[in-house]
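Shown next, in structure tokens, is the structure this report addresses.
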Amino acid sequence: MPDMKLFAGNAIPELAQRVANRLYTNLGDAAVGRFSDGEVSVQVNENVRGGDIFIIQSTCAPTNDNLMELVVMVDALRRASAGRITAVIPYFGYARQDRRVRSARVPITAKVVADFLSSVGVDRVLTVDLHAEQIQGFFDVPVDNVFGSPILLEDMLQKELENPIVVSPDIGGVVRARAIAKLLNDTDMAIIDKRRPRANVSQVMHIIGDVAGRDCVLVDDMIDTGGTLCKAAEALKERGAKRVFAYATHPIFSGNAVDNIKNSVIDEVVVCDTIPLSAEIKALNKVRTLTLSGMLAEAIRRISNEESISAMFEH
């Protein structure tokens, strides 16, 4: 069996190190930096010939820089005769444009990035909670999309929730919320129906379900500016919710996210470590982080050993 080696770019060094620790190994020796004009510079400083290589790199902000680091690392390792290269992308950026809406003159950037990664020599992709699961079909290589929900659910079960109800922040998240509700002792579910007049601006319209006097658990795949989340929490409190907890896998926290969350009625925001948090976000008492390192390490081990990934999520 080829030697398994882990490498990492500069996007999520802490998570990459945690994964390496879980696998009782060290991160590979590669210098990932910049030339004087800002271009990405990569040099692999150890033998990888025939190796089973995993590159851990989220394509979060700065998105273009982190994406280029990933593809240049892939090319460097491919030219160094790596046996198999798996791109471990905990947060897959450029995933929001996955279709053309009403024949608008817009790109399908998720497909562009998928083609880009395939063309430079990625043999397989491991990612977490893709914004749209159909993105897996954009790749010409195998994609394993694992879920952060078991980690989030474990935390929910440890909380002393009083008469909980799981809330989907929009219609698109109903499947996710229903799955969480079933595993959270088969609790009830509510849905927030909202309209989005323009990008990153949402308006809460209607709550489907009775939340009065209950602990509400909002679940989503990502938190961007936090505008949707905060308005949802406000609407839930207005309808009599006792406490509001928000759970999401990907903590993007862009724009006015810090102020939005700081001034919101949300009791706690729980996220995973797929994206590094800014110092301002870390300073918020409302925000708490869970690590996906154990789950990612197990997925990497299974891929390397040609074992089932889906078996990780069978209940």
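Here the Cβ of each residue, glycine as well, is placed from N, Cα and C on the backbone.
Marked as active site by Swiss-Prot on the basis of sequence analysis: Lys194. In the three-state DSSP scheme, Lys194 (active site) falls into the strand class. The Cβ of Lys194 (active site) has 18 neighbouring Cβ atoms from other residues within 10 Å, across all protein chains displayed.
DSSP gives Gly38 (ATP binding site) a coil state; it is part of no helix or strand. Neighbour count (other Cβ atoms within 10 Å of the Cβ, all protein chains): 8 for Gly38 (ATP binding site). For Asp37, Gly38, Glu39, Arg96, Gln97, the entry in Swiss-Prot reads ATP binding site.
Taken from Swiss-Prot, the feature Mg(2+) 1 binding site covers His131, and the record attributes it to sequence analysis. On its own chain, His131 (Mg(2+) 1 binding site) has Phe92, Ala95, Arg96, Asp98, Asp221, Met222 as residues at least 6 apart in sequence with a Cβ closer than 8 Å to its own Cβ.
Residues or ranges marked as Mg(2+) 2 binding site in Swiss-Prot: Asp170. Non-local neighbourhood of Asp170 (Mg(2+) 2 binding site): Ile191, Ile192, Asp193, Lys194, Thr228, each in the same chain, at least six residues away, with C-beta under 8 Å from its C-beta.
Swiss-Prot lists Arg196, Asp220, Asp224, Thr225, Gly226, Gly227, Thr228 with the feature D-ribose 5-phosphate binding site, giving sequence analysis as the kind of evidence.
Taking the C-alpha positions, the distance from Gly226 (D-ribose 5-phosphate binding site) to Gly38 (ATP binding site) comes to 32 Å. Highest Cβ count within 10 Å among the binding-site residues Asp37, Glu39, Asp220, Asp224: Asp220. For Asp37 (ATP binding site) paired with Gly227 (D-ribose 5-phosphate binding site), the C-alpha to C-alpha distance reads 37 Å. Spacing of Gly38 (ATP binding site) relative to Asp224 (D-ribose 5-phosphate binding site) is 27 Å (Cα to Cα, whole number). The separation of Glu39 (ATP binding site) from Asp224 (D-ribose 5-phosphate binding site), Cα to Cα, is 28 Å. All chains included, 17 other C-beta atoms sit within 10 angstroms of the C-beta of Gln97 (ATP binding site).
Candidate binding-site residues: Arg96, Thr225. Fewest other C-beta atoms within 10 angstroms, Arg96.
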